[in-house]
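Chemist: Pasting the relevant annotations from Swiss-Prot:
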SIGNAL    1-25  signal peptide
DOMAIN    26-301  domain 'GH18'
DISULFID  Cys45-Cys92  disulfide bond
DISULFID  Cys75-Cys82  disulfide bond
ACT_SITE  Glu152  active site, proton donor
DISULFID  Cys187-Cys216  disulfide bond
Amino acid sequence: MARTPQSTPLLISLSVLALLQTSYAGGIAIYWGQNGNEGTLTQTCNTGKYSYVNIAFLNKFGNGQTPEINLAGHCNPASNGCTSVSTGIRNCQNRGIKVMLSIGGGAGSYSLSSSNDAQNVANYLWNNFLGGQSSSRPLGDAVLDGIDFDIELGSTLHWDDLARALSRIEFQQERGRKVYLTAAPQCPFPDKVPGTALNTGLFDYVWVQFYNNPPCQYSSGNTNNLLNSWNRWTSSINSTGSFMGLPASSAAAGRGFIPANVLTSQILPVIKRSPKYGGVMLWSKYYDDQSGYSSSIKSSV
C-alpha cells in the first residue's frame with residue numbers, strides 16, 4: 001500500500017500560526033485647534049500623516065447656554081472669523097480624511113440638564129456643523145463628518161440621549177450620508193462621565209486616553225497596566241474601531257508618554273492583533289509638530 005503524505009497537520013499548524021500572527025492596519029487620529037502655532041487645517045491634512053482630525057473644541061453648550069466654539073489662537077468665532085475653516089475641512093475631506101467637531105474638553109462650561117436639552121444640543125450641532133442650513137454656522141458652510149465626545153467635566157447624565165439624538169435616522173436620511181460618532185474617554189474603566197453614551201453601541205471610533213491615569217497607562221518601561229486596560233476596553237465596548245490615545249510628546253501630558261521606539265516594538269505588535277484595532281490617536285497637532293512623533297510611528301500603525 002502506498003504511504004499517504006502526512007501534510008495535513010503541517011497545513012493546520014501553518015494556518016494556526018498565520019492566525020496568531022494576524023495584524024490589522026490602522027490610521028492616526030489627531031486633535032487640532034488648541035494652539036495657533038500648529039498650522040492650518042489644510043496644512044495639517046497635507047502632511048499625509050492623519051486619517052482623522054478632531055477640531056477642538058465646542059466647549060460651551062447645554063443647560064440653556066448659548067454654544068461657543070474655542071479654537072485658541074486660530075480665529076475668533078465671535079466676529080465670524082472661523083468661517084474660513086470650511087476651506088480646510090473640505091480640503092481634508094477631499095483627501096479622504098474624516099473631520100469631526102470635538103465637543104467638551106478639559107476646560108469649559110458644558111452639561112445636559114435633560115433629554116430635551118440633549119435634543120436641543122443635537123439640533124444645534126446638526127444645523128450649525130452637520131447637514132443643517134443655519135445662517136450662523138461658526139465654521140462656515142462645510143459639512144463635518146461627525147461629532148467627537150471628549151466629555152471630561154460635569155454630570156454623567158444624558159450623554160446617551162445626545163448620542164441617540166445625533167444618530168436618529170431622520171438626520172442621516174436628510175443628507176444621505178452617515179454621521180460619525182467618536183469618543184475620547186479616560187482609560188479607567190468604565191469612564192464615569194461618557195460611560196452611558198458609550199454603552200449605547202452607537203459610536204464608530206473610540207480613542208481612549210491612555211495617559212494621565214497611572215492605573216492604565218505606560219509607566220517606567222512597564223506595559224502591563226496599559227495592555228490590560230486596552231484589552232478590557234476592546235472586549236467591553238462595541239465600536240467599529242478602538243484607538244490607543246497617547247500624548248504626542250512628553251510635554252503634551254503630565255504622565256503616560258510612550259517613547260516611539262517602545263510603542264512600535266512592544267505595544268503596537270500586541271494591540272494590532274485585535275480585530276477592533278483602529279490605530280493611534282495623538283494629542284495634539286501642535287505637540288506632534290514639535291516631536292515628530294507621528295512620523296516615527298506611522299509606518300508601524
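Cβ from N, Cα, C; glycine included.
Fair warning: this is a prediction, and the values are worked out from it, not measured in the lab.
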Chemist: Using a 10 Å cut-off on CB atoms, tell me which of the disulfide-bonded residues Cys75, Cys92, Cys187, Cys216 is the least crowded.
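Modeler: Looking at the disulfide-bonded residues Cys75, Cys92, Cys187, Cys216, the Cβ with the fewest others within 10 Å is that of Cys75.
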Chemist: For Cys216 (disulfide bond), which of the three DSSP-derived states applies: helix, strand, or coil?
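Modeler: In three-state terms, Cys216 (disulfide bond) counts as helix.
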Chemist: Spatially speaking, which of the recorded positions Cys75, Glu152, Cys216 is closest to Cys92 (disulfide bond)? Use C-alpha to C-alpha, please.
Modeler: Cys75
Chemist: Averaged over the whole of the domain 'GH18' (26-301), what is the pLDDT?
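Modeler: A mean pLDDT of 96 is what the predicted model shows over the domain 'GH18' (26-301).
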Chemist: What Cα-Cα separation, expressed in whole Å, is found between Cys187 (disulfide bond) and Glu152 (active site, proton donor)?
Modeler: 12
Chemist: Using a 10 Å radius around each Cβ and counting other Cβ atoms from all shown chains, which of the disulfide-bonded residues Cys45, Cys82 yields the largest count?
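Modeler: Most Cβ neighbours within 10 Å: Cys45.
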Chemist: Return the member of Cys45, Cys75, Cys82, Cys216 nearest to Glu152 (active site, proton donor) in space, with distance defined Cα to Cα and candidates limited to these disulfide-bonded residues.
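Modeler: For Glu152 (active site, proton donor), the closest Cα among Cys45, Cys75, Cys82, Cys216 is found at Cys216.
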Chemist: What is the separation, in Å, between the Cα atoms of Cys82 (disulfide bond) and Cys45 (disulfide bond)?
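Modeler: Cys82 (disulfide bond) to Cys45 (disulfide bond), Cα-Cα distance: 18 Å.
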Chemist: Can you give me the Cα-Cα distance between Cys216 (disulfide bond) and Cys45 (disulfide bond) in Å, rounded to a whole number?
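Modeler: Cα of Cys216 (disulfide bond) to Cα of Cys45 (disulfide bond) measures 31 Å after rounding.
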